[in-house]
Each structure stands twice: as structure tokens, then as C-alpha cells.
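Engineer: According to TrEMBL, the protein has these features:
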BINDING   R41, S49, K166, G167, R168, P169, H170  3'-phosphoadenylyl sulfate binding site
DISULFID  C149-C161  disulfide bond
DOMAIN    30-186  domain 'Sulfotransferase'
REGION    153-172  region 'Disordered'
Amino acid sequence: MPRTLDGQITMEKTPSYFVTKEAPSRVCTMNCQAKLIVVVRDPVTRAVSDYTQTLSKNPGLPSFQNLALKNSSTGLIDTTWSAVRIGLYAKHLENWLQHFPLSHFLFVSGERLVSDPAGEMGRVQDFLGLKRVVSDKHFYFNQTKGFPCLKKPEGSSRPRCLGKSKGRPHPQIPSEVLQRLRDFYRPFNHRFYQMSGQDFGWD
């Protein structure tokens, strides 16, 4: 990480930190006072989105249900598949709480980031001790992508939107497979709500 002067905040992001077993101890070795922002979304939607992104790079991928279920007759979920495993937020948070207190975390709702980006960004700014600068006037909804985008900053030729890999239409997944996943995640989601002190309303 670069040197950070008084009055500066240095940020770094990667989706893999939260789910990597060794990450909490390594981050704490660097700085146990770090503030941690975790964006979470409905783990079923997240798994389908993960699959959609992988499918775009690898069109020969087996079907979602073949990867998500150990076998279709028992309906057992395959937790060795990363698209499923990543959504076990309670398990990942347990690992982090061995190194950081809950007060160092802000959990941002991926759903509210889409429906109310300024509201979620307000929470982020408060958590970081920043003046609320980012507001509704900084966003517009991109109908094509189905996501909010940042309006064009001064001196820039175009607005900032999520990349090409975001906002792809999801493939049709059998509803019974999605229901099995919802049932599978429910106890983990409730545990995560208890641990984080936030009900994300995913079921």
C-alpha cells in the first residue's frame, strides 16, 4: 500500500479478500485498524451472476444446475463450486472476526447500491468519516445495463459506468434449482444477519 498522509484515505479493493482464508491475518499484519467495506448481494443471484460471467468467457461450461447440484436426484448443493461457496457470507465473516472487531466492517447491500446508490454511498462516507459529497445528483440510471452510473465528471468526455462484464442477461435457470439454493442459503443468510446486525431481506 502507498504511504498515507494525515487527512488522506488509501483504499484498495478485490472481491477475493473476503473469501480468502489467509486474507484477514495478512490484512491485520499490515494494519489491524483498517476499515473494511464488504458489498454483499443475494447469494442465489450472486451465484447466477458469477456463472453468467464465467459462461461468457467459456461457452462450453456445463449447465448451472449441473455445477450447483452434486446430483440432480438428491438435490444436494455442491459447496465445492466457488460460485456457491462465495455466498456463504457467515462462514467468511467468522474468519474475519477472529482478527477484526465487527465495528471495523461496513456491509453494503448490493441490491440497495442499485436501487439507491446515493443512500448506500452516504453510509460509506459516514463510515469513513468523510463529509457527504456524493449524492443523488451524481447518478443516473442506465436502462440498457440496468444499473446506476456516475454522471460525467467535469473534464471527462463520458459518464462512468460498470464495465462490459456487468449487466449481462442471466440464462434461464429452472425455478426448482433456484428454490433449492434459496433453501440451502437460508440458515447461512440468517446467521449472517445476526452476525452483521443487518437484515438484507434475501428470503
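Note: Cβ is positioned from N, Cα and C throughout, glycine not excepted.
I'd like these features described in context: how deep, what's nearby, how far apart.
Structural biologist: Its Cβ taken as reference, S49 (3'-phosphoadenylyl sulfate binding site) is surrounded by 19 other Cβ atoms within 10 Å in the chains shown.
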Engineer: If you measure R168 (3'-phosphoadenylyl sulfate binding site) to C161 (disulfide bond) at Cα, how many Å is it?
Structural biologist: 14
Engineer: If you count Cβ atoms within 10 Å of each one, which of the binding-site residues R41, R168, H170 comes out on top?
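Structural biologist: Output for this query is R41.
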Engineer: Quick one: Cα separation, S49 (3'-phosphoadenylyl sulfate binding site) versus C149 (disulfide bond), in Å?
Structural biologist: 19
Engineer: Measure the Cβ-based neighbour count of P169 (3'-phosphoadenylyl sulfate binding site), defined as the other Cβ atoms within 10 Å of its Cβ.
Structural biologist: 7
